[in-house]
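**Q** What TrEMBL records for this protein is below:
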- Cys47, Cys83, Cys117: [4Fe-4S] cluster 1 binding site (BINDING)
- Cys192, Cys196, Cys199: [4Fe-4S] cluster 2 binding site (BINDING)
- 38-154: domain 'MTTase N-terminal' (DOMAIN)
- 178-413: domain 'Radical SAM core' (DOMAIN)
- 416-479: domain 'TRAM' (DOMAIN)
Amino acid sequence: MNPILDLDFIDNRTPEQATAAPSCDTHVTKENNTGRSRKLYIESYGCAMNFSDSEIVSSIMFEQGFDTTADIAQADLVFLNTCSIREKAEQTVRNRLGQINHFKKKKPAMMVGILGCMAERLKKSLLEEEKIVDLVVGPDAYRDLPNLINEVDGGQKAVNVLLSREETYADINPIRLNSNGVSAFISIMRGCDNMCSFCVVPFTRGRERSRDAHSIVREAEALVAQGYKEVTLLGQNVDSYKWASEDGTESVNFAQLLEMVALLSPDLRVRFSTSHPKDITDEVLYTMKKYDNICKYIHLPAQSGNSRVLELMNRTYDRDWYINRVDAIRAILGEDCGISSDMIAGFCTETEEEHQDTLSLMDYVQYDYSYMFFYSERPGTLAARKLEDDIPLEVKKRRLDEIINKQRETSLARNKRDIGKVHKVLVEGPSKKSEDQLSGRNDQNKVVIFYKKHYKKGDYVNVLVHDCSVGTLFGEAVD
Ligand code: SAH
Ligand code: SF4
Ligand code: F3S
């Protein structure tokens, strides 16, 4: 998910990128050359949580004598930080391992490790299935990497996929090699307790736990001191963030945490993802309203617009509840607050009428954008055990197409509303198409492109929007 948000999402996003913050393609960790003796190459797949974890892993490996390289041919150690959210996500990693084999043939001493959700799901069977793999490390076991690397150095294969109820890596200072120097992710919690019936995350990431609020604030403070202008607080369900000090004298919920981070600097934009419709409170919405620097944008995945399907999905809210939350957002934060969603087409037993309910919910909410997927059964999940994956692939794909077309309509309609208005844009860098243009995002997380004049990365610029496409706003800087 991220951090460069390209809103041509419909064409180039993969479903797994949607988790816990919008995301871009596979991340390759950048070069960090400090003269250390060995080189690590990390590629990250899936969601922002994984991209954020790769920064923690880089930090642990740096202490262990590894610089990072962006050139796999230079690497002594290759890590793939993997995603299991859909079958295709895992297939992508397996294909990549095939390619990495060519490098390993040229450089037999190169070690290959699988980290993240696929490591957790498949455990040591990965070593048997993929001969090239030397180590398999789950998302809660990264502190053990130095020992595991020693084992591999000693000629063995190594596995640690223990999940933890406490680990939050709170004290590890991530090396921000995935960042553009303007915006950064901060993990505020790990795991998920929700057990949505389609979802593999509770199995790959373990139980939900919240990180020490003060360590989060310290991390944000350090980022401000380094010149960062935006932080995104990350969790699978940020609204259930709840931290208490060990002596029980202090307790912080998500609205309070948001406020603590927002108060650090009025120049720091604060974003967060993902909000769960069952948990998002009016208190959070009022906190967003109170602080100009908390961005008015909420990723609120609905998954379906039909109450029976939502129940089968074990989402624990129904259509009316969801609509009530959207109404609260509009009432408290206004019509301009950005709202996005995730939608799954063709979940087990979904009828045509129920699919129509998803389309009508999209009409009601008028999402700015959505991440849209067809259902992919995941082994071990509640749905895989209890429900039949009975919607034929061509029906799933047709329903998904209808959802995508509906989203294109509403994205365009929402973007047209932005024309003629001045938007405060945080510049992230040159636009992809021209060095003369800059690209940044407005409060609602939409990409805005404009001619650069004297502006540069990290500036806040007022941009008068005069045109739009489905995924982008175009305008000119007004001084
Ligand atoms: N924690 C977030 C989402 C995590 S996964 C939330 O609760 O909303 C990101 C998205 O992937 C989900 O919102 C869902 O739309 C999609 N997804 C998860 N499992 C899937 C599956 N088995 N098949 C298709 N899409 C899936
Ligand atoms: Fe998966 Fe549901 Fe948890 Fe999101 S809230 S990570 S969809 S189980
Ligand atoms: Fe993220 Fe994929 Fe794991 S979406 S939590 S990397 S299964």
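Numbers here mean position along the shown chain, with the first residue as 1.
Yeah, the Cβs are placed from backbone N, Cα and C, and that goes for glycine too.
These numbers come from a predicted model, not from an experiment.
Surface or core, plus neighbours and distances: that's what I need for these features.
**A** DSSP assigns Cys47 ([4Fe-4S] cluster 1 binding site) to coil, not to a helix or a strand.
When Cβ atoms from all protein chains are considered, those within 10 Å of Cys192 ([4Fe-4S] cluster 2 binding site) total 23, not counting its own.
Residues of the domain 'MTTase N-terminal' (38-154) grouped by DSSP class, helix first, strand second and coil last, total 63 helix, 24 strand, 30 coil.
Over the domain 'Radical SAM core' (178-413), the average per-residue pLDDT in this prediction is 97.
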**Q** When you measure from each Cβ to the nearest atom of ligand 1, which of the binding-site residues Cys47, Cys83, Cys117, Cys199 fall under 6 angstroms?
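**A** Cys199, by Cβ distance under 6 Å.
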**Q** Say we define neighbours as other CB atoms within 10 Å of the CB. Which of the binding-site residues Cys47, Cys83, Cys117, Cys196 has the fewest?
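**A** It is Cys196 that, of the binding-site residues Cys47, Cys83, Cys117, Cys196, has the fewest other Cβ atoms within 10 Å.
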**Q** Just counting, how many other CB atoms are there within 10 A of the CB of Cys199 ([4Fe-4S] cluster 2 binding site)?
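**A** Looking across every protein chain shown, the total is 23.
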**Q** Could you tell me which three-state DSSP class Cys199 ([4Fe-4S] cluster 2 binding site) falls into?
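**A** Cys199 ([4Fe-4S] cluster 2 binding site) sits in coil per DSSP, no helix or strand.
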**Q** Can you grab the distance from Cys117 ([4Fe-4S] cluster 1 binding site) over to Cys196 ([4Fe-4S] cluster 2 binding site)? Cα atoms, rounded to a whole Å.
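**A** So the Cα of Cys196 ([4Fe-4S] cluster 2 binding site) lies 17 Å away from that of Cys117 ([4Fe-4S] cluster 1 binding site).
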